[in-house]
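Asks: Take a look at the following structure, please.
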Amino acid sequence: MIISAKFITSLVKFDENLSSNFSEVAFLGRSNVGKSSLINSLCKQKNLAKSSATPGKTQLINFFEVICKRNEEKFNINFIDLPGFGYAKVSKNLKEIWNQNLDEFLKLRTSIKLFIHLIDSRHTHLEIDVNLNDYLKRFLRPDQKILKVFTKCDKLNQSEKAKLKNEFKDSILVSNLNKFGLDSLEDIIINQTLGLDK
């Protein structure tokens, strides 16, 4: 279980050097899909990760040190909150630089053990999400895993939830509003970062 968390730093550039001795979990998704809210819910802190009301406004890479406990043993992992994509109103040139830097960051950062791909449960087949999933699969290492996490599932009825879970069997459905699915997600994060989830 996660017992505490704190903000470490924000990086403007993906190539800024921030070494890590801990396994890391990267949170990716479209702008306003609920990345910051999910991190806050997992860490049981209301304002740990700052969310923006303006889609695409958050352009920093935010690092959080998370202390977990399993079988009475404590260990550290890092959460990485990556900039949301899909709405950022920036110049084409700047967007290309971001994409190149992000590409290098994700491919070369060997400490990342789990990619959490957040998808709005009401919009499950957007091209931008399909492309992201295909992109991650191209360089995924044996010690890494991609986990689809469908957010805002409180907006769905039971039939819609069952249909979604049947289509994406290895996914997790969560709701920050009623805390649905958070315990299951926490277990996967801990097992994957410890190398137990094969």
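Yeah, the Cβs are placed from backbone N, Cα and C, and that goes for glycine too.
Take a look at what Swiss-Prot says about it:
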DOMAIN    21-195  domain 'EngB-type G'
BINDING   29-36, 56-60, 81-84, 151-154, 174-176  GTP binding site
BINDING   Ser36, Thr58  Mg(2+) binding site
Asks: Say we define neighbours as other CB atoms within 10 Å of the CB. Which of the binding-site residues Lys35, Lys152 has the fewest?
Replies: Lys152
Asks: Could you say whether, by DSSP, Gly29 (GTP binding site) belongs to a helix, a strand or a coil region?
Replies: strand
Asks: Restricting to the chain of Val174 (GTP binding site) and a gap of 6 or more, list residues whose Cβ falls under 8 Å of its Cβ, or answer none.
Replies: Leu38, Ser41, Val149, Phe150, Thr151, Cys153, Phe180, Gly181, Leu182, Leu185
Asks: Gly29, Pro83: which of these binding-site residues has the highest Cβ count within 10 Å of its own Cβ?
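Replies: The most densely surrounded of these binding-site residues is Gly29.
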Asks: Can you count the other CB atoms that lie within 10 A of the CB of Ser36 (Mg(2+) binding site)?
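Replies: 21, counting other Cβ atoms within 10 Å of Ser36 (Mg(2+) binding site).
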Asks: Would you identify which of the binding-site residues Asn32, Leu60 has the most other C-beta atoms lying within 10 angstroms of its C-beta?
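Replies: The largest 10 Å Cβ neighbour count belongs to Asn32.
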Asks: Whole-number Å only: compute the distance from the Cα of Leu60 (GTP binding site) to the Cα of Ser36 (Mg(2+) binding site).
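Replies: So the Cα of Ser36 (Mg(2+) binding site) lies 12 Å away from that of Leu60 (GTP binding site).
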